[in-house]
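S.K.: Sharing a structure below in structure tokens format, with a few things to ask.
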Amino acid sequence: MAFRFRIPNIGFRKRMSWSDFTVACIVGVLAGIYTFKPGLQQAKDEIERREALKEIQARRKAEMEQDRPTQTAWLSLFKRIVKNSNTRYSLLWLTGGLLFCLYASDKAVLSQFQLENGTLLGGPVEIPLTVNLRQLNSITNGLAQVQEGAAAVDNNEPVPYSFYIDEIEIKESLEKYFEEQANKQMFEKTLNIVCVPKARFQVIPVERCTATIEGHLEAITVLQFSPNGKLLASGSGDTTVRFWDLNTQTPFDEYGKAHRHWILCLSWAPNGKMVASSCKQGLIGLWIGATGKQHGTKLLSGHRQWINSLSWQPLHLNGSCRLLASGSKDTTIKIWDTHLFKTVFTLSGHTASVTCVKWGGQNLLYSASQDRTIKVWRTTDGVLCRTLEGHAHWVNTLALSTDYVIRTGAYEPSKERASDEYDHLDESTLQTLASERYEKVYKLFDTNGGERLVSGSDDFTLYLWKPETDKKPLARMTGHQQLINDVKFSPDTRLLASASFDKSIKLWSSRTGAFLSTLRGHVQAVYQIAWSADSRLLVSGSADSTLKVWNIEKRCLLFDLPGHADEIYAVDYSPDGQKVASGGKDKVLKLWRR
């Protein structure tokens, strides 16, 4: 019997036997079971996943129920803090402080503080870029006090500092410095900040003439204050040496009348007890500074022509300051014993006029000459140590980095001790005080110590030397357009100032010889310059009959002081910073005060 069925999608009929139908059913059942098994396994997995998820949610719900009391307590505490005005403001300040610290920490730099001679002040410290000069001073004083000990700091009085990075001074803050040096490449390294100590006191600039004193009958060629600034001596073309009482602003009754020719040089002994003068006849006179009377009965003679320069033995080497050096037109240098009135050494070696002599703090004598050389002599036996060569014309002037401390001897302007007290100290005490002051200045350039020498010439250049050890110059400084008439180190030894016939004054770095600035204002040749005791002011005298006071920090003219009727040949700033004296072709001495 045939079984007939209809396939819906196929439009034809087909006969099938029962055996074929049975086989087809079995095959269909087996295929369905095979395809249904994976789906069944997936369904089981989905059921297990949902059950596990329910268990996790149940555990989390239980944990939240346990933590709810603690969270509620913290929330209630925060609400009470916010509701209380005092605690609310404290919270705001705390938040602001934390935000500022985060900001500052993002703008901080690792810095190493050090002195000019290379001495490190502690280790590297991280400071924010927003730190200002007052804060830098506090950091530096703290580091210095920790390193040197509290006993090394005078009464724990803070020392003012100026700060330099690569010879460029920080004016306001580190951030301002980096803004100004935006074109400079900065790498990830420790920033070296050089700390330069400044004077604890500040000199008030002079601004008016307080006295015009007559006495000399000819032009005043030279003048100088005593080491403590209480007395003043002047030399003139009238062949006299006069001493002036600065309290009454009148000349002493006694004065030097032994010379018979123009007074060319004048120099106070570092102990302030004696003054030496020289004239165009080549004679040297000695005078008692306190009275103006002549020391001894005769003038020192030995030079065959006039004397261009005088220099006393430093106080820290000899408490009595009995030795004196003189350089003459006759090409020789003589060292005199002012107690025995005789020559100790005659130093011959120059082939032309000796224009300047300087007695250094290490018992070396430096001499400049028109033979274009500078010679270094050992004063203990008169031996020539070395000759410094480089200039192409006459060498006119010399300056030592220790000139100021040698000139003032034991007198310290920053101390509160009255200057009259120094008159009652014995020679050994004065020598000890002078030695302490000298050692501090001597070690400013190097931890091992060292003096620097600068020379000015008719070749319009200056040379910077380390004369104790080297024959080669450290730097050659060019820029002046006329011959250089005067050059001086600042009392803190940081700067050099040079005066020229080109009507300008130039400032230089005493470490590298780098040019810093030009001070213009005079309309005639600048003859002489003088520093204030705190190194912040400079006064200059010129052929245009005016004095000018310059602000060194701002590199600008501070005061213009007219008053003289003719050229100003000599000017000096008192070591105590109280006054300036000037003299010139109009034969009068003028005192200037604040």
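Even glycines carry a Cβ here, placed using N, Cα and C.
No curator has checked TrEMBL annotations; they are predicted automatically.
In case it's useful when we look at the structure, here is the feature table from TrEMBL:
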DOMAIN    119-177  domain 'NLE'
REPEAT    213-254  repeat 'WD'
REPEAT    256-287  repeat 'WD'
REPEAT    300-337  repeat 'WD'
REPEAT    347-387  repeat 'WD'
REPEAT    477-518  repeat 'WD'
REPEAT    519-553  repeat 'WD'
REPEAT    561-594  repeat 'WD'
S.K.: Count the CB pairs under 8 A between the repeat 'WD' (519-553) and each of 256-287, 300-337, 347-387, 561-594, then give me the winner.
M.R.: 561-594
S.K.: Per the definition of 3+ C-beta pairs under 8 A with sequence separation of 6 or more, do the repeat 'WD' (561-594) and the repeat 'WD' (213-254) touch?
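M.R.: Yes, the repeat 'WD' (561-594) and the repeat 'WD' (213-254) are in contact.
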S.K.: How about long-range neighbours of the repeat 'WD' (347-387): same chain, 6 or more residues beyond its ends, C-beta under 8 Å?
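M.R.: 305, 308-314, 316-317, 323, 325-335, 393-400, 402-403, 405-406, 438, 442, 451, 453, 455, 457, 465, 467-468, 471.
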S.K.: Count up the helix, strand and coil residues in the domain 'NLE' (119-177) according to DSSP, in that order.
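M.R.: Once the DSSP states are binned, the domain 'NLE' (119-177) shows 26 helix, 14 strand, 19 coil.
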